[in-house]
Amino acid sequence: MISTAANKSAGNLKRLRKDPFLALGSAAMILLTCFFVVWPIIKVVSYSRLADYRKLFTYSSWYHAALNSLFITALSTISCTLIAFLFAYAVTRAHVPFRRLFASVALLPIVSPPFIVALSYILLFGGQGIISKYVLHVHFDIYGWHGLWLVQTMTFFPYAYAVIHGVMASISPQLENAAYNLGATHWQVFRHVFLPLCRPGLAGGALIAAMNVLADFGNPIIIAGNFHVLPTEAYMQMSGMFDLNSASVLSTALLLPAIALFVWNRAWIGKRSYVTVTGKESNARTFPLPAAARWTVFAACLLVTALVVSVYGVLFYGAFTKTWGFDWSFTLKNVHYIFAKGREMANSLKFALLSSIAAAVFSLPLAFIVQRKGTRLYRLLDVLAILPGAVPGIFLGLGFAVAFNEKPFLLTGTPLIMILALMFWNLPTCYSVNLAGLAQISGTLEEASLNLGANRLRTFRRILLPLLRGPFIAGVTVSFLRSVTCLSVVIFIYSAKTSVGTVSILGLVQNGQWGSASALTAALILMAFAVLAPTRLLLKKQGRSIQL
Amino acid sequence: MAANEPMIEITNVSKRFGDFEAIKNISLSVPAGSFTTLLGPSGCGKTTLMKLIAGFFEPDRGDIFIEGRRMNGLPAFKRNTPLVFQDYALFPHMTVQENIAYGLKLQKLPRKTAEDKITAMVDMFGLHGLRDRLPRALSGGQQQRVAFARALVMGSNVILMDEPLSNLDAKMRVEVRDELRQLQQRLGFTAVFVTHDQDEALSISDQVAVFDQGRIVQVGTPREIYKKPASRFAADFVGAANFAEGVVKAIEGDDLVIACGNGIMRVHRDGYAFGPGERVTLVIRPENIAVHESASRGDNAWSGHLLRSSFHGRSVRYWVAADGRDWIVDDAGPGSIAGLQGLVHMSVDKRAVHLLPAAGGTVTIESGTGAIA
Ligand SMILES: Nc1ncnc2c1ncn2[C@@H]1O[C@H](COP(=O)(O)OP(=O)(O)O)[C@@H](O)[C@H]1O
Ligand SMILES: [Mg+2]
């Protein structure tokens, strides 16, 4: 055993010596990711002394923030998973009308800023809410855990849906048909065949939802009121009193369960890609459900769809309304506001574009080294590349704020720190897309190219690069969407000059300027769609689809 | 180069992957202009040997020479050993034309020359009208022709082919292999061909190398391989065979007299160096055994009980229990004796029995079912 291990590492070394390009490349990659990912994490975790961490158990507000985080995560995870299951079931199995509509509704929230549901929720049910004040004539306090619960459910069920739908779609209906054929009833088939087959999807979907809810900052800061969770509590400590010490303790408390969920997810679900080559879907049809069950599923999906649609509708309506709750007349003043915030919007666009391209470019050689040169050293690269995915955005932002705040690495307040933070935040996304793309390119293509006389560089340029175009574009697109709508990563590192759209919106919401907030949000959504629509088309031509 | 000089010379080559030795001390000489086939079951190392020749792997030990030049250490892209891949490995983002031109472009030929070469290939493989198609818009057979064209256009003296026919349907496989053989003879290149299909290997090759678990167990012409297999494995893998253990009793004239089961077999000496008292394994191909309803006189005749039969169109296969074992018999003249049953009689020509040294001296009774490729 020992001798083989020694042999192997000797082999690795020999390989590296023979291929200095590879050796230098890997070393540079490792150094850069350590510097921009590991270093900030270490800085935050080590910022506070052990005694400070003890306060987590003694300060009641911190203690409660931690408990609240876990509570709302558990609760929202359950509801997200249920709704996601329902949607996936309706789309893949139930043969209800409007299946395409349901499928796209489940996609909508993903291309939106994180707090849009919270904002719409205020517009719908708040003190001046269209439903609460004008339809129901009631006044209820929407700020608190139940509001947050609803909002988190609406915001994050699509993430669970993507996973569950993927698994459900891959289960051949023939299995269910076989069970029917053997005399099982609908309920028995569902219970004993379908549900067990869905279990990995349910588990994966639940974990994805849990990770997102736990790390979310945008919704709780707007809707949770006095119900503090770890990310908002950390933010309060920073923005209110510049208490970096407390902020780092709270963020670290958030990091631990986040990493636990992440590792759990990796162990269970493995490296799910965001882009899949659309395979042949099984064209076997399932046995139709009993009408009652079918229409129940349909009604439930319709209700959720109505909610999602009203979230967007009310937002766009708000964008053209003078004063929400008082003066409903049409106005363009909010649209003017978009131009007033032109610099922030331009920053959003610029940083998102640069960081996502940078992430995609950076992850390309990374994925190549890991996928094609599978030796031990490259496992380290793999872990480094996905590590940012385990770190909550708020933590990463804080990490950058702390780590690059002093010479010689003084980046505070610069556009560069915004771009770098977003870039490394997006690294796992681009990396997994490229990795999956490479895995789909048979190694014999490279061999064929070498065999025909092309050297390694030419083979990389002429064969691999063109074939990776699809994953590359998909990676850039997904990263762009995430960046344009990102609040948590940037909230600790923006400056007056580098502020972005999402930060402006947060300010407007906190001031009660909902009309302007709606207009800015709508503009961000349009910006996202302007990028998403053409790339989806482009990728569709290549037989690929984007999964977010 | 002299005609008898080998095009490819492999000497004592070994290759391991971690703890697993995929190629075990292989030596093989591929004559110039020959069609040499590596034949063996899947996983025995055929592809690995091809990759060693093409330079995708380096041997751990041993040398590979092509046209007298030592190849060790030479990167794949400098070897000029075009390979036709089993999955074709056509570049999916390039058209048929671009695929074929890919290697030529790197040779920096004048444009006109390159253009002519490509057109010649397009003509040869009937790819007119497909030039601007992407590989995914081609049928399996068309893709395969593009793969051949892409390799042949390089104009190399050596062409390597790794199971190029295995993705075609059975009928087409036979057609293409005949065309391939004709093409190779016409153009005169040296072909190294990999297959796990014994029919294919026998019908197409000048020389066959039989592989077993990383070793070459026999090299010879198709006739030699089939008629005089060097081992039980080779006999069993290349076609079906009956095996029977026996002891040489005497040498009478040109014949070895062998006690086998309850009877006596006479086998033509034919260069076998066995002497009296030695244990041997008799290898008899099923088609060399004749079955009759009535007892036949003469040597090498025995009877048994017909167990079952299966109809194969051009022949009928019988399973006959005799002498405590099952014999496989292929009768190529079915119809005349369609109603064969019960007691049957068998006989074999003395020149149609092949002898191997007995394995371990034990009398094992077994019948080969042949290679199912
Ligand atoms: N790159 C590799 N790494 C590890 N094992 C390999 C590799 N390539 C082939 N092998 C192993 O070597 C053996 C021979 O493989 P191969 O040459 O592909 O067989 P064949 O082409 O005869 O079917 C197999 O057991 C296979 O698993
Ligand atoms: Mg093979």
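Glycine residues also receive a Cβ, built from the backbone N, Cα and C atoms like all the rest.
Summarising the annotation, TrEMBL assigns transmembrane segment to A:21-42, A:62-89, A:101-123, A:143-164, A:201-224, A:244-264, A:295-320, A:351-371, A:383-403, A:409-427, A:472-494, A:514-539. The domain 'ABC transmembrane type-1' annotation in TrEMBL covers A:66-265, A:345-535.
Under the criterion of 3 or more C-beta pairs below 8 Å, with sequence separation of 6 or more, the transmembrane segment (A:21-42) and the transmembrane segment (A:383-403) qualify as touching. Away from its own ends, the transmembrane segment (A:383-403) comes close to residues 29-30, 33-34, 37-41, 43-44, 47, 214-215, 217, 231, 234-235, 238, 244, 247-248, 251-252, 254-255, 258-259, 262-263, 266, 363, 366-367, 370, 409, 411-412, 417, 420-421, 424-429, 431-432, 486-493 of its chain (Cβ-Cβ under 8 Å, at least six residues beyond either end).
The stretch from A:62-89, A:244-264, A:295-320, A:514-539 that makes the most Cβ contacts under 8 Å with the transmembrane segment (A:143-164) is A:62-89. Panel annotation: around the transmembrane segment (A:201-224), residues 69, 72-74, 76-78, 80-81, 84-85, 88, 113-115, 117-119, 121-122, 142-145, 147-148, 151-152, 155-157, 159-168, 231-232, 235, 254, 257-258, 261-262, 264-265, 268-269, 272, 392-394, 487-488, 491, 502, 506, 509-510 of the same chain, lying at least six beyond its termini, place a Cβ under 8 Å from a Cβ of the stretch. Beyond the ends of the transmembrane segment (A:514-539), by six or more residues, the same chain brings 111-113, 116, 119, 122-123, 275, 312, 315-324, 331, 333-335, 337-338, 341, 345, 348-349, 470, 473-474, 476-477, 480-481, 484-485, 501-502, 504-505, 508, 545-546 to within a C-beta distance below 8 angstroms of the stretch. Same-chain residues lying 6+ beyond the ends of the transmembrane segment (A:295-320) with a Cβ under 8 Å from its Cβ atoms: 83, 86-87, 89-90, 94, 96-98, 101-102, 105, 108-109, 116-117, 119-121, 123-124, 130, 154, 157, 289, 330-332, 334-335, 514-515, 517-519, 521-522, 525.
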